[in-house]
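Now, the feature entries from TrEMBL:
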type	residues	note
BINDING	GLU19, ASP20, ILE82, ASN133, ASP134, ASN189, ASP234, ASN235	Ca(2+) binding site
ACT_SITE	HIS80	active site, proton acceptor
CARBOHYD	ASN235	N-linked glycosylation site
CARBOHYD	ASN289	N-linked glycosylation site
Amino acid sequence: MDLESRTWTRLLCAEAGSEDIDILPNGLAFFSVGLKCPGLHSFAPDKPGGILMMDLKEENPRALELRISRGFNLASFNPHGISTFIDSDNTVYLFVVNHPEFKNTVEIFKFEEEENSLLHLKTIKHELLPSVNDIIAVGPAHFYATNDHYFSDPFLKYLETYLNLHWTNVIYYSPNEVKVVAEGFDSANGINISPDKKYIYVADMLAHEIHVLEKHPNMNLTQLKVLKLDTLVDNLSIDPSSGDILVGCHPNGQKLFVYDPNNPPSSEVLRIQNILSETPTVTTVYANNGSVLQGSSVASVYDRKLLIGTLYHRALYCQL
């Protein structure tokens, strides 16, 4: 469809960004907002992050902020990648990569729909999670996560990137076992799972690549193929109706990290069809020079409705 024939509506998270988005099968969409990282621009530097929700089944959906249970440190909440998991009893869990005071944790919440709230269940810290970026839940306390750096120290992170060490990895976490299941990435970023649960997709941002990894019964991963692109790939989401991969991309990384309001970072969303074939089809779903949308980091679709989130700018809602 022609991009110009789509109707875009700005969401409520215009001031804080919407780095990652995950949508439940019933149309409830979750947004992580307010991410702050050293060296990354922020339009709301003094406001803590939060989780927004939007019901895409509504005719004119609006985003609202979910309440989080007492006892959780809201003041230092700095959410990054998110993932939902629905248990066999229909309990919905929300996994959130969190950087309180620029540290690295994974928070597990139970979503309580009647109260529009999140009940905090657990904080996970581990030495194999030094620089967590994104997460895909595969059980009520089980997940794969990407580390976008090998080190947690800011100077060593810079040195690692400068020396192009390719030391970043994917971790599998369960209450009984934590292990490295894939490594050798330049900067492992977005992660997701195929609809049949057989493959894990990993975006290597700085290498401009998407890796297809086969998942084994012991949860280990082996690389199947690599798709090279000509843009920086961020978060990955799956179109539930087709299995296509939607990718939030950054055509110009320098503009992203050296922010200039007169020359802002552009946005790009790609759709990848048939990634397992020898010749996957890559098409542009959305592109903008930054005049409307700056720094697209994720795109998620539900019933011909498309949401595009950004690192620190507004989010867009589109009726396809």
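Note: Cβ is positioned from N, Cα and C throughout, glycine not excepted.
Just so you know, TrEMBL annotations are computer predictions that nobody has curated.
Locations of recorded TrEMBL features on the structure.
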| residue | record | CB count, 10 Å |
| --- | --- | --- |
| GLU19 | Ca(2+) binding site | 31 |
| ASP20 | Ca(2+) binding site | 30 |
| HIS80 | active site, proton acceptor | 24 |
| ILE82 | Ca(2+) binding site | 26 |
| ASN133 | Ca(2+) binding site | 26 |
| ASP134 | Ca(2+) binding site | 28 |
| ASN189 | Ca(2+) binding site | 27 |
| ASP234 | Ca(2+) binding site | 28 |
| ASN235 | Ca(2+) binding site | 29 |
| ASN289 | N-linked glycosylation site | 14 |
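Counting only the Cα atoms, the space from ILE82 (Ca(2+) binding site) to ASN289 (N-linked glycosylation site) is about 27 angstrom. Each of HIS80, GLY81, VAL97, GLY190, SER297, VAL298 belongs to the same chain as GLU19, ASP20, ILE82, ASN133, ASP134, ASN189, ASP234, ASN235, is absent from that list, and has a C-beta within 8 angstroms of the C-beta centroid marking the Ca(2+) site. In this structure, the CA atom of ASN289 (N-linked glycosylation site) is 17 Å away from the CA atom of ASP234 (Ca(2+) binding site).
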